[in-house]
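Here is what TrEMBL says about this protein:
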- 35-58: transmembrane segment (TRANSMEM)
- 78-97: transmembrane segment (TRANSMEM)
- 103-127: transmembrane segment (TRANSMEM)
- 134-154: transmembrane segment (TRANSMEM)
- 166-187: transmembrane segment (TRANSMEM)
- 199-225: transmembrane segment (TRANSMEM)
- 245-268: transmembrane segment (TRANSMEM)
- 273-294: transmembrane segment (TRANSMEM)
- 300-319: transmembrane segment (TRANSMEM)
Amino acid sequence: MGKLLLVINCFILAIGHCGGPLMMRLYFIHGGKRVWFSSWLETGGWPIILFPIACAYLHRSRTQPSAENKLFLMKPRLFIAAAVIGILTGVDDYIYAYGVARLPVSTVALIIASQLVFTAVFAFVLVKQKFTSYSINAVFLLTMGAGVLGLNTSSDRPKNESYREYVLGFVMTVGAAALYGFILPLVELTYKKAKQEISYGLVLEIQAVMCLFATAFSTIGMLVNNDFKVIPKEAREFVLGETKYYTIAIMSAIVWQCFYLGVIGIIFCSSSLVSGIVIAVLLPVTEILAVIFYKESFHAEKGVALALSLWGFLSYFCGEIKQSKINKPALHLLQSEMPSVPNCQISV
């Protein structure tokens with residue numbers, strides 16, 4: 001059951017991670033200019049999560065006594081932690097949207113690959129994630145990949161965009177990778193410090209609260225920037241038409257929810273570092289889709305950066321496979337010396 005849930009969350013994450021940047025870039029290249037609105041769309045679809053939360057509640061109502069069953073499982077301590085992470089997510093959404101507004105999707109994807117480096121470092125600090133020679137090698141290669149990409153930052157600069165704006169977009173995207181690399185282990189730390197049983201139903205509630213506060217942060221930004229007044233006019237002037245403008249906005253909100261739901265699901269089933277690895281592994285897919293749909297250039301620096309990134313991913317996975325082979329005999333020996341215990345169950 002745990003492996004099945006992990007696979008499902010990986011699939012959901014793949015939809016969000018590959019589709020989200022493409023939908024966001026589609027908005028910008030056809031006349032969209034509201035960065036705060038784009039960041040709002042990244043979490044604005046959070047009410048979708050209420051449906052699986054309701055399903056989890058109905059399931060509990062059938063399997064648990066009515067006195068123990070509650071509509072919401074989250075305690076105040078966990079609610080506050082989720083709210084703080086949500087505000088950080090809102091900040092990350094804005095700086096990421098700013099980067100996508102200035103850079104091609106293929107470039108953004110390569111820069112975001114460096115997120116694994118930050119995730120590994122913060123996971124070591126916050127949740128004591130152990131490093132191996134393979135994971136250190138992967139971090140080094142990914143860092144080199146981002147460095148190679150930065151050597152020729154203006155080669156794929158979009159037309160009608162200044163060099164200063166392009167460099168600022170590059171820096172903001174690196175900042176988004178660093179901040180989200182901090183958020184992932186922070187979510188895992190929240191699970192460990194929750195002082196209550198972490199079920200998948202509770203994970204959904206945490207996700208809903210995080211997105212709610214991230215959306216509130218972006219809403220304040222939209223109010224200050226007068227986005228709500230400008231959006232109707234922008235929709236009428238959108239190159240693809242007003243109807244497609246709102247269709248893109250709605251689909252973006254839905255697709256981004258897949259990303260966040262997949263991320264927290266993988267952290268629940270495994271760890272924040274594995275979540276970062278899955279995000280990084282999807283890099284080639286996003287690269288290929290950007291080149292196919294948006295005819296983006298793929299110069300030599302991007303090729304080298306992609307090769308280094310893939311080398312880093314392979315290094316990490318080889319290390320994980322070898323480590324699992326080493327751990328299996330030790331685990332079997334430990335189990336033989338202990339009395340039998342029932343299998344772990346994933347509750348909702």
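From the backbone N, Cα and C atoms, a Cβ is placed for every residue, glycine too.
Please treat TrEMBL annotations as automatic predictions, because they have not gone through curation.
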Considering the transmembrane segment (199-225), which listed stretch of 103-127, 166-187, 245-268 counts the most C-beta pairs under 8 Å: 245-268
Intrachain neighbours beyond the transmembrane segment (166-187), with Cβ under 8 angstroms and 6 or more residues off its ends: 85, 88-89, 91-92, 95-96, 98-103, 107-108, 111-123, 125-127, 129, 146, 150, 153-154, 157-158, 206, 263-264, 267, 272-273, 275-276
Stretch with greatest number of CB pairs under 8 Å, the transmembrane segment (273-294) reference, 35-58, 78-97, 103-127, 300-319 candidates: 103-127
For the transmembrane segment (78-97), sequence-distant contacts whose Cβ falls under 8 Å of one of its Cβ atoms, 6 or more beyond its ends: 24, 35-36, 38-40, 42-43, 172-173, 175-176, 179-180, 182-183, 186-187, 190, 193-194, 196, 202, 205-206, 209-218, 221
